[in-house]
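Visitor: So that we are looking at the same thing, I have put the structure below in structure tokens.
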Amino acid sequence: MRCGSRLLLLHFLTSLVAILLNHTTYAQKGGKEVKVLTLNGDGAQRGNTLAEYGKPIAVRDDYTLCLRFNIIVFRLLTAVIYIVDQKDYDEMPISLDVYFEKIRPKFGGYGKFYPLPTNLATNKWYFYCQTRNSSGGEGRVYLDGELLVQEMIPFDVDNAVRDTIMGQDEYMPPYSMSGQLSQVNMWRRVLSHEEILSLTRCEVDLEGDIISWSGPWKVYNAEEKVPDKGTCPPARAVYRMIPSWKTAHWRLVLASLVQGGNVEAQCVLTVKYATIRRSLKYVPLTDLCRSVNRGRMTVPLPLLRYHDAVKLCRGLRGYIDVPTTMAEVYDNKAYFEDMVEGERWVAPEHLAGNVTTPAPAQETSVFKECERVWGGADDEAVEGVWNNPFTGVNLVPARLLDTDCKKHSCAACRTTAGSTWTLRGTCEEEERMYYFDLVAMPMSFRGYGEYRVRKVENTWEWYNAVTNTTMATLSPLSLNYPVGRHKWNLQVPVCGQKGGQRMLTLSPCVPGEFTCDDGSCIAFSKRCDLKFDCIDKTDESFCDIVNFPGDYRSRLPPRPASDEALPIAVAVSMDTLNIDTTTMLLSVSYNLRMTWLDNRLTYNNLKPLTRLNTVSQEQVAQLWRPQLGFINTDDIQQTKVDEDAVTTVFRQHPVYTPNLADPYEVEIYRGDTNPLSTTRKYSTIYTCNFDLVLYPFDIQECYLRLQIISASSEYLVFNVNDSAVEYLGQKFLVEYGIGKINLKESDGGQYGEVQVQVELIRRYGFAMLNIYIPSVTLLTISYVTLYFRPTIFEVRVMTALTSQLVLATLFTQVSTSLPKTSYFKMVDIWLLFCILLIFFIIIFHTIIDLHLDYGDTSFTSGPPFQKISSGNTGVTRVSPINGKEGETKNYKEIFKHSFLSNTVKFYIILSKSTIFAVFLLFNAIYWGTLAKDSGLVYYY
């Protein structure tokens, strides 16, 4: 019994030596090819799959570590490389951990997370370098040649002897790497940026002097791709219990022996106590730089009608070729013939090369009946006019068979390789769990994380490959493919929903695009733009903008995070103004917009064009809205929110959060940075207190008083800085010109209040034509009577009295057309002045007439007028003046012989000069006063 045990132990040690010898690799073959190492290529989580550098290293000063990696399946944390102290793995490691959206490098100590400019993708090669400048205390990180991190870090003296391990962190399966590695090198110096760029672009392949990719690497339970020289038959693994060793090296061997042999292999090396796979392959260096876009992937579509094939291929974001030559026709048909005869298919691209493996029987049988292959053109619309349904371009194909589109044929759908698919509506904590890769044959979808979408018999299922749990199944459809938006039957709780049907969307659309229900993609800007863009017209469905939280109350105003009063901005856009001076009323037709922020809400899919962000009436009824009262009106009026009101959301902050938990592509915008606004047109009559002192050269200021009545100023205030007012109507009305219009805050007591000030400048042309010019004319006529002959008293007086009578009538007409005021207006002063001035003209006429001496004498001996006094009574006797014998002299002859005394001349001159001087003085004062503070001189 003991001998048997010793022989077993000896045999075990001999096997271990063989394992270690077989794990050692050497320099790469050829200068244009590099070795690629694959770890957990099937995506499984293993704690024993790793690679170790064959000798310990020391990194004392400066260094540069570079490697090229390609993630197949993302973990929560993917351990890419750890260069650790042999004595204590946790002491000052040099490492790289990769996350989906960030990385964590360690330069020889504790590291921290650095966000990436864009999320990483699967099946894409990335070139990573980190440098440590010990003397300068600087650490740098480069990703694809771009400087990502540059920090000043104090470095201690590093005397540790280190082991180099790739693909593991403390041998925990959830952190094991599922991906590929190549060009892992480390130098004892800091490479320049130019050298790093050359490595990134695959222009050179430099070997490291600390760690060399062609050096002695030991691989445990990993795949190293080698030239395909045939396959090895799989062997059954035999497991035995073995003792544990405490050294790091034997811990790796132990992990390899205990957990090995659980994955399919292309070539299997059988050991009595472990199953270890070793596959090496050298690929052209330039292939590692071309993986950003791997060209086209061909997805074979089984027997389908033409329109179903087009619909499915469009959902795969692909197209069906239109052969232009018979050779291309034969090539397309041969594609399916080869698949049937050899029953072989092309494996997913993540294996960095086309690996041929047997196709499943159920898929192969579908293609055995492919007698014809659909081309990407039809002439259904117009017979003989061929159209490409994917581009809409008319074609002139040659030598194609025109057949019934309702027949079933196969099709080769060409789509972009390496594109990212998204499963929306699943409420994941980690973003990587939403994303998938398309596997061409058999068609399936492999997740960036733990999920898969596959077809089992005739049912599509979404399942967790790590826990082996079916999450949901898709009921068979007429076109039985999961592409697009469908209702899935939940098998486990998802997003708090324990069972039943849930809408999920499997889509190849990228950010900035919207997925139609059939899986096709359109620009996201065309979503809910009031016209159909999807073929199935689903882009105008579910266009509600506002998201209400469960505790939202429409009667409570929002409360800012600062706990201050909520500011409300108003914008008044006036279209028409009508002023009634007699009743002192201002009639205004205007649009009133109220704008506020509601931090309780979020908004969906806001667009730069505000009119497309209109909230539906159903959602408006659920919103809290501010209410304003119009204070200075004859009756009680306030704002209304009815069918005439339009509520929109302004997209002021372009930053949004994508909501992958929603089956519809949704851009979520915050309510505390994007304001709501309600606009409605009003026609309101406001009272206006006119000051007519300067009439008709007055400037009136009317106010539209708006007061918040939905809450006191402790909760709601006006935001005057963001408020605005404008007038869009005619600048000059019939009676007024529109001057300055502004908005200012006023004291409304316990409620917030603003006033819209409207400046009205009276247009005085009417008054000039109907008051001032006629009055000046009458005044001139009255003044001219002072130049009449003094002796015609009746004419002088009657002319002045008539002018005064007309002025009095004009004064009465003007007074009746204006509000009755207890103060004098400028027009009143003018007319009263004119009346008084004419009155003084009449007085002067009377004085002149009283001092006029007519005389009493004969023609030969004295003046024609003779005054005979008899006591206190004077009698004037008028005697005829004889001309020639018996003839009487006419009236003119009398005045030829009359004379004016000096007193009369004095009064005549005094009257003329006094009236004229008073007129000039009054006008100077009158118009001078008006020129200063009135609308006589106003610049619009």
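Quick reminder: no glycine exception, Cβ is built from N, Cα and C everywhere.
Unlike curated records, TrEMBL annotations are generated automatically.
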Visitor: Under TrEMBL's annotation, the disulfide partner of Cys534 is which of Cys516, Cys521, Cys543?
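Guide: If we follow TrEMBL, the cysteine bonded to Cys534 turns out to be Cys516.
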Visitor: Of Cys495, Cys521, which cysteine does TrEMBL list as the disulfide partner of Cys509?
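Guide: According to the record, the bonded cysteine is Cys521.
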Visitor: Name the cysteine that pairs with Cys528 in a disulphide bond per TrEMBL, restricting the answer to Cys495, Cys543.
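Guide: Matching partner in the record: Cys543.
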Visitor: Rounded to a whole number, how many Å is the Cα of Cys534 (disulfide bond) away from the Cα of Cys528 (disulfide bond)?
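Guide: So the alpha carbons of Cys534 (disulfide bond) and Cys528 (disulfide bond) sit roughly 11 Å from each other.
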Visitor: Between the disulfide-bonded residues Cys509, Cys521, Cys534, whose Cβ has more other Cβ atoms within 10 Å than any of the rest?
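Guide: Output for this query is Cys509.
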Visitor: Out of Cys528, Cys543, which of these disulfide-bonded residues shows the lowest number of other CB atoms within 10 Å of its CB?
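Guide: Comparing Cβ neighbour counts within 10 Å for the disulfide-bonded residues Cys528, Cys543 gives Cys543.
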Visitor: Whole-number Å only: compute the distance from the Cα of Cys516 (disulfide bond) to the Cα of Cys509 (disulfide bond).
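Guide: Cα-Cα, rounded: 10 Å.
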Visitor: Give me the Cα-Cα distance between Cys509 (disulfide bond) and Cys528 (disulfide bond), rounded to a whole Å.
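Guide: For Cys509 (disulfide bond) versus Cys528 (disulfide bond), the Cα atoms are 17 Å apart.
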Visitor: Do me a favour and check the Cα-Cα span between Cys543 (disulfide bond) and Cys521 (disulfide bond); whole Å is fine.
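Guide: If we compare the Cα positions of Cys543 (disulfide bond) and Cys521 (disulfide bond), the gap is 17 Å.
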Visitor: Measuring Cα to Cα, how many angstrom lie between Cys521 (disulfide bond) and Cys528 (disulfide bond)?
Guide: 14
Visitor: For Cys516 (disulfide bond), what is the secondary structure by DSSP, using just helix, strand and coil?
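Guide: Going by the DSSP assignment, Cys516 (disulfide bond) belongs to neither helix nor strand, so it counts as coil.
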